[in-house]
Amino acid sequence: MRIATWNINGIKARLGQLEQWLRQEEPDIVCLQEIKTVDEGFPRAEIEALGYNVETHGQKSWNGVAILSRLPFDEVTRGLPGDEEDEQSRLIEGVFSVEGGIVRVCNIYLPNGNPVDSPKFPYKLAWMDRLIAYAESRLSLEEPFVLLGDFNIIPAPIDAHDPEAWWGDALFRPESLERFRRLRNLGLTDALRAVTDEPTYTFWDFQAGAWRRNAGIRIDHLLLSPQAADRLEDVIVHKDVRGWEKPSDHVPVEGVFTL
DNA sequence: ATGCCTCGGTCTCCGAGA
């Protein structure tokens with residue numbers, strides 16, 4: 001089974017690229033972030049025509065997440081618990097039946113948090129605290145659990161082309177990294193780092209020739225419960241997609257599992 | 001240089017992204 005994450009940066013602007021990638025790769029489950037539309041605006045029929053079930057958690061203009069799956073959804077959960085006031089659509093989770101059990105797939109778009117002297121940074125940190133509590137409860141189920149998406153976290157210096165330039169940014173500073181470590185220390189495996197020690201990027205800024213210079217960062221991650229990590233075969237970063245016409249600034253990252 | 005692109009909205013500019 002192949003489970004992918006892709007910050008699509010606007011589903012309406014990227015439908016052609018998504019259709020092409022789905023036709024080409026035929027992944028089983030695709031988790032999208034930044035769909036930037038309400039649920040009614042998602043091109044559901046076009047994606048269903050390619051053989052996918054579609055569940056969305058959208059909002060107007062910004063954020064928004066979706067899961068596309070060849071398997072039917074057994075359950076769907078929308079939104080991160082822990083703050084009644086939070087109206088941003090950044091989490092959707094699906095449960096799927098597989099041979100001999102289930103897989104639980106939680107798709108997140110973790111807040112960026114910049115600028116750090118604005119309310120956006122404490123929002124990011126509070127969101128991460130809520131995510132840690134959520135992940136802890138999911139891990140207690142002892143299921144194959146895949147927590148994936150755009151984490152807006154650079155885990156380590158090797159995950160940035162120019163780590164010194166990023167240090168202090170909301171993606172790469174002590175308060176953010178401390179929470180990311182706490183999340184992993186619950187018992188989650190960083191899938192990419194389970195298969196390679198090589199510098200690997202998943203995002204290249206639109207600006208300043210970042211793609212041409214390979215000035216990327218790794219911020220799109222798959223974190224795995226022990227039951228999912230046991231079944232991990234490989235991780236594929238679809239870097240070529242960044243070179244397509246009118247690309248997203250993120251590329252698809254895919255986990256291959258013996259599920 | 002708190003920009004350099006690119007998105008969505010209502011829109012010919014602005015906020016947000018990272």
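These residue numbers are counts, starting from 1, taken along the chain as shown.
Note: Cβ is positioned from N, Cα and C throughout, glycine not excepted.
What you are looking at is a predicted structure, and each value in this text was computed from that prediction instead of being measured.
Per TrEMBL, the Mg(2+) site holds A:Asn7, A:Asp150, A:Asn152, A:Asp249, A:His250; the candidate it also names there, chosen from A:Glu34, A:Glu175, A:Glu178, is A:Glu34. Using the Cβ center of A:Asn7, A:Glu34, A:Asp150, A:Asn152, A:Asp249, A:His250 for Mg(2+), the list of other same-chain residues with Cβ within 8 Å runs, in sequence order, A:Asn9, A:Gln33, A:Tyr109, A:Phe203, A:Ile219, A:Asp220, A:Ser248. Closest by Cα distance to A:Asp220 (site 'Important for catalytic activity'), from the binding-site residues A:Asn7, A:Asp150, A:Asn152, is A:Asp150.
Around A:Asn152 (Mg(2+) binding site), taking its Cβ as the centre, 28 other Cβ atoms fall within 10 Å, counting all chains. Around the Cβ of A:Asp150 (Mg(2+) binding site), 29 further Cβ atoms fall within 10 Å across all displayed protein chains. Here the candidates are the binding-site residues A:Asn7, A:Glu34, A:Asp150, A:Asp249, and by Cα distance the one nearest A:Tyr109 (active site) turns out to be A:Asp150.
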